[in-house]
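Participant: Submitted below is the structure of interest, expressed as structure tokens.
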Amino acid sequence: MIFPISEIPDKVTHSILEGVSALQNMSHTAFWSTVLGFLVVARIAVILATPKRRVLDIKGKKVVISGGSQGAGAALAELCYTKGANVVIVSRTVSKLEAQVQKIVTKHEPVFEGQTIRYISADLTKEEEAIRVFSEETMPAPPDVIFSCAGAAETGFILDFKASQLARAFSTNYLSALFFVHAGTTRMAKEPISPKNPRYVAIFSSVLAFYPLLGYGQYCASKAAVRSLIDSLRVEALPFNIRVVGVFPGNFQSEGFEEENKSKPEITRQIEGPSQAISAEECAKIVFAQMEKGGQMITTDLIGWILQSIALSSSPRSFSLLQIPLAIFMCIFSPVWNAFVNRDVRKYFHANTEYVTRHQRGGVGSENPTPQ
């Protein structure tokens, strides 16, 4: 209900008018200092009011990992097993799954009697396969933690790929995550547990979801879709006591990383600069350590955290008192950086005319036509 201003008590009216007058007389510097001070105090109040996060304890819990036969998924499987989890790894290739399970059980003793690690072979780009993984027949008890790690990057220029290759990239990176997480979260929601023990769904996207890079066009688009999935599911899962975590790794050593480097355009290497890839094991340790601290938007290096500040959106912040001012700075700096990148790209294609000439003639690339 809205009251006419004449009905507001005189003292209140006088106070409001005084406040407006004070704002009008305040200098721009003083005004923005006041606003910034208010925001800082408000953020500190939110931090103090936030309940203390519980440590993620997976001993005796069921952890299901897609892409668990190699790369970060395999490293997470080994790490979780050493922490006492009952691990299930999921991938398509049975031979790789068997080798990974054998490697882990040979290398590590069980943390407790009866601890298990097993595999399920499934093509997660198919909805029915993802549903089978989490069915009661395949998995009698629901998972406590899910890691969605499956994915692959195929480098090159978008115009050089056939439509079938573009669709394959989206299927490999987005649909596999969507179907796997949808089936797993649905199973979790069906069988709720105590609010004191939240379940976890950690979904791997990429730092390139924040800042697309020439030569990774189709990969960036699919990983940006995964980032939107993370933000959407994070809110939808709240009523079921499921904590959704987004993981945005930079480069890490894996079979996939070696493959993507084989077709990476030279201009992409120039823009990237010297980027040291961490090991898959180090990536897994960083991700798990951040989850233990309650992190919901996890990056694996400083560059990733900086790039995240360009695309904060409605996602949870990481070290927000530092990240918000950084975001303001990056809004100013990014156009300058883009100007230098665009200059380098024009110089590259001026010197390498085959790509432009081919497409001006209406040619569509072969399986890997991108100039090196």
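Cβ coordinates are placed from backbone N, Cα and C, and glycine is handled just like the others.
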Participant: Of 57-61, 67-71, 257-261, 262-266, which span is tagged motif 'GXSXG' by Swiss-Prot?
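Facilitator: My reading of Swiss-Prot: the motif 'GXSXG' range is 67-71.
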Participant: Could you tally the C-beta atoms, other than its own, that fall within 10 angstroms of the C-beta of ARG92 (NADPH binding site)?
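Facilitator: Summing over all protein chains shown, ARG92 (NADPH binding site) has 16 other Cβ atoms within 10 Å.
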Participant: What Cα-Cα separation, expressed in whole Å, is found between VAL64 (NADP(+) binding site) and LEU124 (NADPH binding site)?
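Facilitator: Between the Cα atoms of VAL64 (NADP(+) binding site) and LEU124 (NADPH binding site), the distance comes to 13 Å.
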Participant: Counting other Cβ atoms within 10 Å, pick out the least crowded of the binding-site residues LYS96, LYS223.
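Facilitator: Counting other Cβ atoms within 10 Å of each of the binding-site residues LYS96, LYS223 gives the minimum at LYS96.
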Participant: Rank the binding-site residues GLY67, GLY71 by the number of other Cβ atoms within 10 Å of each Cβ and report the first-ranked residue.
Facilitator: GLY67
Participant: If you measure GLY71 (NADPH binding site) to LYS223 (NADP(+) binding site) at Cα, how many Å is it?
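Facilitator: Rounded to a whole number, the Cα-Cα distance is 17 Å.
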